[in-house]
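**Q** Okay, here's the structure, questions in a sec.
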Amino acid sequence: MAATHPKAPTAQRLRQGWSAFWDYETPKVIVVRNRPLGVVYRAVQLLILLYFVWYVFIVQKSYQDSETGPESSIITKVKGITQSEHKVWDVEEYVKPPEGGSVFSIITRIEVTPFQTLGACPESIRVPNTTCHLDADCTAGELDMLGNGLRTGRCVPYYHGEAKTCEVSGWCPVEDGAAVSHFLGKMAPNFTILIKNSIHYPKFQFSKGNIAHRDMTYLRRCTFDQGFDPYCPIFRLGFIVEQAGENFTELAHRGGVIGVIINWDCDLDLPSSHCNPKYSFRRLDPKHVPASSGYNFRFAKYYRVNSTTTRTLIKAYGIRIDVIVHGQAGKFSLIPTIINLATALTSIGVGSFLCDWILLTFMNKNKVYSHKKFDKVCAPSRPSSSWPVTLALILGQAPPPPRHCSSPWHLAHQAVGPQGAEQAKLLGLQNPTPYRLSEQIADTPDRCVGQGLPSSESPLQDSTPTDPKGLAQL
């Protein structure tokens, strides 16, 4: 019976693992003459090359250093007059706020509650839990955050109809009781809006504005046209609403928010004349959501009548304009160019990885390609000192045999029998000599193969030629 080999101790296995950790691996280049595999390899390389050349370098301009979010300054000015049923309105009345910043509102409809004074009056019927039948239904001193004043505890008739509501102490009459509506949008589409915008990219020390370098009379006679006059930033309000895809009359009655987006995408490798603003317009508030669509706000005008403080409450519906500026500037830089070139060259290796996987998974009959692909070379064993060899020569005895890897002849004999050994002899695999060694192994990860060759012969690279016909195809 064959003696059972004891399992290697843990310490020995750890030493073997530590020794294997310091092994060096280097690629081995083999040429596989296979047309379908070559087509796949070149196709993958071509796709990767097109991706980097067209998308990365041409579209994304990855060879440039870039900066996003320019420093921006915006000044706006509105001009025009309009009229309601009984009044003419000018800019000072329908533009809020009047400072001319990046966000402003143009009032297109108002609901006016005039001559409000401090007193007691019926609460609005739209306030929750305000309808009543008796005074007991109203709690004196109660303050509703959604109401218009402090409840007095009385139940009084409403402004119109037969309903009753709780009486409150505050500004009277309340908004529902005496509000009058005025439409200001009749001439509003012809309002003109001047938008002055200047941007600065600090990384590249580049600045530019959206107004052409001309005299002062230029802005008095021009209007914006993206094709013919892009540096005249004077827009008609009707043009802005139309470009946003909205109906002006509907928007003027309910109000809404329109965004004027100015985009500065600049390629600073080109002259500054190629860096031009691009304008786009869209509605920003969700018009299809009834609970949040529209735009309105309230303000009041105070005055005194017969020594009594009086105010006019105005609920204003309007078109709010938000001017939004964004952009990106890019300029050639060596560092991102080198990084992206290195990434491109490295990514081409994906084709080799894919083809290796196809080769070794689907085309590796009889492990022909594995034997050619993987080799493991062991360093020749050297004695720690020459005194055993010298002593043996003096005594006339054979020197001690060196420790070396198993010969390919021996491995071939064990693996495939005498016939494989004869094939190994025909390929030049001889018995190793004890003094000149060149060890290697093919497709045998846990064993090293030693091979002795004369000094004039080069070592063979493939030690297990199991299929000569398959090897001839490589």
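Numbers here mean position along the shown chain, with the first residue as 1.
Heads up, the Cβ atoms here are built off N, Cα and C, so glycines get one too.
Pasting the feature list from Swiss-Prot:
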{"type": "TOPO_DOM", "residues": "1-42", "note": "topological domain 'Cytoplasmic'"}
{"type": "TOPO_DOM", "residues": "61-333", "note": "topological domain 'Extracellular'"}
{"type": "BINDING", "residues": "Lys77, Lys79, Thr192, Ser292, Asn296, Arg298, Lys315", "note": "ATP binding site"}
{"type": "CARBOHYD", "residues": "Asn129", "note": "N-linked glycosylation site"}
{"type": "CARBOHYD", "residues": "Asn190", "note": "N-linked glycosylation site"}
{"type": "CARBOHYD", "residues": "Asn247", "note": "N-linked glycosylation site"}
{"type": "CARBOHYD", "residues": "Asn306", "note": "N-linked glycosylation site"}
{"type": "REGION", "residues": "316-329", "note": "region 'Pore-forming motif'"}
{"type": "TOPO_DOM", "residues": "355-474", "note": "topological domain 'Cytoplasmic'"}
{"type": "REGION", "residues": "445-474", "note": "region 'Disordered'"}
{"type": "COMPBIAS", "residues": "453-466", "note": "compositional bias 'Polar residues'"}
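Any idea what these are sitting next to in the structure?
**A** A Cβ distance under 8 Å defines the sequence-distant neighbours of the topological domain 'Cytoplasmic' (1-42), meaning residues of its chain 6+ beyond its ends; these are 351-352, 354-355, 358-359, 363, 369, 372-375, 473-474.
Lys315 (ATP binding site) counts 16 other C-beta atoms within 10 Å of its own C-beta, drawing on all protein chains shown.
Secondary structure at Asn129 (N-linked glycosylation site), as computed by DSSP, is coil. Using a 10 Å Cβ-Cβ cutoff, Asn129 (N-linked glycosylation site) registers 14 neighbours.
In sequence order, Gly80, Arg236, Leu237, Gly238 constitute the residues six or more apart from Asn190 (N-linked glycosylation site) in its chain with CB-CB distances below 8 Å.
For Asn247 (N-linked glycosylation site), the count of additional Cβ atoms within 10 Å of its Cβ stands at 10 [all protein chains shown]. Annotation note: Asn247 (N-linked glycosylation site) sits in a coil segment as assigned by DSSP.
Neighbour list (Asn306 (N-linked glycosylation site), Cβ cut-off 8 Å, at least 6 residues apart, same chain): empty.
Long-range contacts of the region 'Pore-forming motif' (316-329) within the same chain: residues 66-70, 72, 74, 76, 94, 96, 102-111, 188, 193, 195, 197, 199, 201, 203-204, 206, 237, 240-241, 251-268, 275, 284, 294-299, each at least 6 residues beyond the stretch ends and with a Cβ under 8 Å from a Cβ of the stretch.
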**Q** Name the residue among the binding-site residues Lys77, Arg298 whose Cβ has the smallest number of other Cβ atoms within 10 Å.
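**A** Each of the binding-site residues Lys77, Arg298 was scored; lowest Cβ tally within 10 Å is Arg298.
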**Q** Please report how many Å separate the Cα atom of Ser292 (ATP binding site) from that of Asn129 (N-linked glycosylation site), as a whole number.
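**A** On Cα coordinates alone, these residues lie 24 Å apart.
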**Q** Once the DSSP letters are reduced so that anything not helix or strand counts as coil, what is Arg298 (ATP binding site)?
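**A** Reduced to three states, the DSSP call for Arg298 (ATP binding site) is strand.
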**Q** On the 0 to 100 pLDDT scale, where does the topological domain 'Cytoplasmic' (355-474) sit on average?
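**A** Reported value for the topological domain 'Cytoplasmic' (355-474) is a mean pLDDT of 52.
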**Q** Across the record's ATP-binding residues Lys77, Lys79, Thr192, Ser292, Asn296, Arg298, Lys315, the largest CA-CA distance in angstrom?
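**A** Binding-site diameter by Cα atoms for ATP: 29 Å.
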**Q** With H, G and I counted as helix, E and B as strand and the rest as coil, say where DSSP puts Ser292 (ATP binding site).
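**A** In three-state terms, Ser292 (ATP binding site) counts as coil.
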